[in-house]
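Enquirer: Reproduced below are the annotations present in TrEMBL:
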DOMAIN    5-166  domain 'FAD-binding'
DOMAIN    271-319  domain 'FAD-binding'
REGION    68-93  region 'Disordered'
REGION    372-391  region 'Disordered'
Ligand SMILES: Cc1cc2nc3c(=O)[nH]c(=O)nc-3n(C[C@H](O)[C@H](O)[C@H](O)COP(=O)(O)OP(=O)(O)OC[C@H]3O[C@@H](n4cnc5c(N)ncnc54)[C@H](O)[C@@H]3O)c2cc1C
């Protein structure tokens, strides 16, 4: 009889896990808190680690790319002065420029149709013994709860994971002291072509329009959170306007903020890492943002979500019948790569935002060198972002 796994969360990690478990003959059941698929999202990169895993999962072609020679970018200031800027797709390993929804859609397109996905469903209790994990699931639409037994529970339920809270406790989320706002543009910015993006960087705050070859840009605002007060106190646009004030916005920044305000779907959140001494406990394992949230600055969330899922299947197949040994082998193989990524988060961040005047001067010099030499100096290791983490 095939083994049964509960996968909590139908994001990139969860769907990749379900695909991989099915590849090795398991029966995955997915539960997702949202009432339907969460196809949305903004700019995302896919580095070599993710491309290799996506290839094994059979989704690399379906993911496609929005990089292309037509996409360009400028460094701009509030007065509208422009100079040529780096394109993320030129970074080592030539990461693919994508929208999160491109990867989510590709994964769902190869998920076998008979994998059960229950929406509006969340776990409320998890207990385990040597025979299995008992999970109480609440159907939020009907209010009905039922307890079911699984051989394995995979918590792929994101940065604020319920599985993590139920099994591993809280206090594992580490705020980095920065905020993010993001939205998609439905039309080009005034004075810019469809595939032209921009970087407006100042000490402690940045506004970036990531350009794509085939559609208008994805906006990202990021700023250093004020230590005093609640960063979520105002509405997202109020917080952004305050973070980019009090100086006059000028035409470009003014339009960026207006476009965020009018966007139908926006992201506004704090930037956090998840750091845990152990990602598995008995028959429960965490993966993706639930286990190691690397932050948007790393550009590795989707890549490590898929790589972690792929490797999990490999280890479960290799240690067939011994889940404890499989999970241990999985974590032993994966953890050094993830910790390497976590350790370089501030070097990664510097690509997007300088925390103060001193970092700003360093970043400006770094970007000027990158523009002339074509390479990026600094502590960011792109080797680790392009390494294949297969078993
Ligand atoms: C809507 C959305 C937009 C995003 N946009 C971007 C972006 O633009 N750029 C970027 O770099 N990253 C973005 N991310 C994060 C990025 O997707 C992840 O870093 C990466 O893909 C790894 O994802 P994950 O599947 O581990 O976690 P997530 O993508 O967070 O997926 C977790 C899933 O679990 C579900 N869930 C949460 N709690 C429960 C629960 N209690 N029970 C059941 N299900 C639950 C969530 O609804 C979600 O579908 C976005 C995530 C989401 C959900």
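Each residue, glycine too, has its Cβ placed from N, Cα and C.
Predicted, not measured: the structure shown is a model, and the values here were computed from it.
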Enquirer: Looking only at the domain 'FAD-binding' (271-319), what are its DSSP counts of helix, strand and coil residues?
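Expert: Residue counts for the domain 'FAD-binding' (271-319) by secondary structure: 25 helix, 9 strand, 15 coil.
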Enquirer: Please indicate, using numbers and ranges, the residues of the same chain that are 6 or more beyond the region 'Disordered' (68-93) and have a C-beta under 8 Å from a C-beta there.
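Expert: For the region 'Disordered' (68-93), the list is 45, 47-48, 191, 195-201, 209-214, 247-253, 299, 367, 370-371, 374-376, 382-383, 385-386.
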